[in-house]
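So the structure is just underneath, and the comments pick up after that.
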There are 2 protein chains.
Amino acid sequence: MVLPLTHPLSDGRTTHSSLVRAYSGQRPERLPVWFMRQAGRSLPEYKAARGGTAMLDACLTPELASEITLQPVRRHGVDAAIFFSDIVVPLRLAGVDVEIKPGVGPVMGAAIRTADDVARLRELTLTPADLEPVSQGVALTVEALGSTPLIGFAGAPFTLAAYLVEGGPSRDHLAARTLMHADPETWRALTEWAADVTGAFLRAQVLAGASAAQLFDSWAGSLSLGDYTQHVAPASTRALSQVKDLDVRTVHFGTGTGELLAAMRDVGADVVGVDYRIPLDEASRRLGGHTPIQGNIDPALLAAPWPVLEAHARDVVARGASAPGHVVNLGHGVPPTTDPDVLTRLVGLIHSL
Amino acid sequence: MVLPLTHPLSDGRTTHSSLVRAYSGQRPERLPVWFMRQAGRSLPEYKAARGGTAMLDACLTPELASEITLQPVRRHGVDAAIFFSDIVVPLRLAGVDVEIKPGVGPVMGAAIRTADDVARLRELTLTPADLEPVSQGVALTVEALGSTPLIGFAGAPFTLAAYLVEGGPSRDHLAARTLMHADPETWRALTEWAADVTGAFLRAQVLAGASAAQLFDSWAGSLSLGDYTQHVAPASTRALSQVKDLDVRTVHFGTGTGELLAAMRDVGADVVGVDYRIPLDEASRRLGGHTPIQGNIDPALLAAPWPVLEAHARDVVARGASAPGHVVNLGHGVPPTTDPDVLTRLVGLIHSL
């Protein structure tokens, strides 16, 4: 497969899309909407396409990852696709022993706890050739999407480091939070490596045609502002710096991050995703009123009667008007049990407002 | 067993303890300290005492619950005991089919989802006779403690309702948060029942001799301030009202509740527990500077080298000086892997400050 030589934004394909305009702080005629985790487990066609393929294998099979990415665009008419992947994909491609266990999440062959562990980890590198399955999946998707933008996707260094240090999912990320205080040098070496790996993964998606890039710091909400600023933000800046020379808007999101919104923008993101806990007008106030925002319909209300969901969605849109640009989304991912028809109806509502 | 006829506080036994004085907004000569989850899994003598006894059976065996409660007071010299129990104990005593599965948490025989489910649940009542094992355990403990206060313990109605609706632990408490919006009447009936049951559990502990009472809303951090105020606070007020006529200070705590601190006080608590994410001076500012606080040493630092932990503990104490009263604690429970000697040393440090 031949990859595009120049970044697609330069061909103007998605420049005038409502998503890119809202991410740029404009107010397009029609409010853009997409849903975190729109590709995947809530759709029957996803289950049919993926069948028994293991999660990481699905992410690394270009045709399959592309098909799964396109499904919610076809079904719901959302204003953007987000590349079907997982935050641990770059770890796997770099040679880390990681699996995604159904019902559990990413599980490492061995936890990374010591300076020696980190030194060995840092010998693993991620080259453009390693990232070829991702680049191919993105290129296929972008070609099919036409003027609908694709959002690239990567985990933030803290979240990756938390998985590596804990050896898998954890509730409070205690071991990772201990390490950053107990051995700040080792922590910095670990998060710098994670930043380089996840940044390369994000850059590959943009080079292959993604029009925007979202950094997910899933676990940032477990941090105090002080710990975030001192021990986490530098690595997130380093990750995002890998797409700074490319003409793409970057979005930064984590749940439970009401205290961190400005700090998460200040690592170099253009747009801040807001979880369902903080009203968008309050979030925009905390951001100084100059930052485009994304969010924040409460996923819990997707299962409520339509009038309840509709009233909530209208409230989210009204509060979002206080920001310079607003991309409607959920305040967390689509729950697996969601009725897909509700999402389709919600897109229709948002587009009618 | 004969229970005391009057509340022990009236006998002055613990009135002048540093804990009760700090909870009352005073500054005793020596800063009081205790640790959430100090009784239990971090202590070898706990494992020896409990042996193979199932968790809820241990809570409901008065001699065993009392012994486990006393162990950290003997070992660490903390300024208070907290009764060894579990937030689902009153559910079990009321007749709900609930077990605590090791490594998982409370699991219900059946989830409570519909108006009919709630109506059936409400037929279950909790009498003082049902609570006799708890009253006996508390009375035994209080007798052994002498002038050291015992803190009573109960889960807040939202957290209990979340377990009931989900059928067990969950990450985002989606089903509970859906129900409060989808069917507010059923939600209210459910949380009122939970308030009555957990309030009775708390009252029994105070009547049997506890000098203070802590309400844990473990999952409140999953709520927006709006949802908390509208759908949760009324039931928490109702639960705490069951000890309002007794002369005890009440403490209210949940993790990730930096946005909710004032609202959690305003349900009727005297003291607010602060998790590790918010510095105590900022927490006190959010509370208007007139509320005693409890917290908030980061449990992650218990596993860091001593100089790191010591510097952090000194910072916590310095920031806590901005509140009218400060009881030193962790910003979440003691992790199971904690070295008990570190806790003992920490008590010595706090008492030396």
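Including glycine, each Cβ sits where the backbone N, Cα and C put it.
Substrate binds B:R37, B:Q38, B:A39, B:G40, B:R41, B:D86, B:Y163, B:H332 as TrEMBL records it, and from the list B:S218, B:S222, B:S224 the residue named for this site is B:S218.
The C-beta environment of B:A39 (substrate binding site), restricted to residues of the same chain at least 6 apart in sequence and closer than 8 Å, consists of B:Y46, B:I68, B:T69, B:Q71, B:P72, B:A81, B:I82, B:F84. It is B:H332 that, of the binding-site residues B:R37, B:R41, B:H332, has its Cβ surrounded by the most other Cβ atoms within 10 Å. Proximity to chain A, defined as a C-beta distance under 8 Å, is registered for the following binding-site residues out of B:R37, B:A39, B:Y163, B:H332: B:H332.
Cβ-based neighbour count (10 Å, all protein chains) for B:D86 (site 'Transition state stabilizer') stands at 20. For B:Y163 (substrate binding site), the same-chain residues lying six or more positions away in sequence with a CB closer than 8 A to its CB are B:I87, B:V88, B:L91, B:V98, B:P106, B:M108, B:P169.
The DSSP secondary structure for B:R41 (substrate binding site) is coil. Largest CA to CA distance in the substrate binding set (B:R37, B:Q38, B:A39, B:G40, B:R41, B:D86, B:Y163, B:S218, B:H332): 23 Å, whole number.
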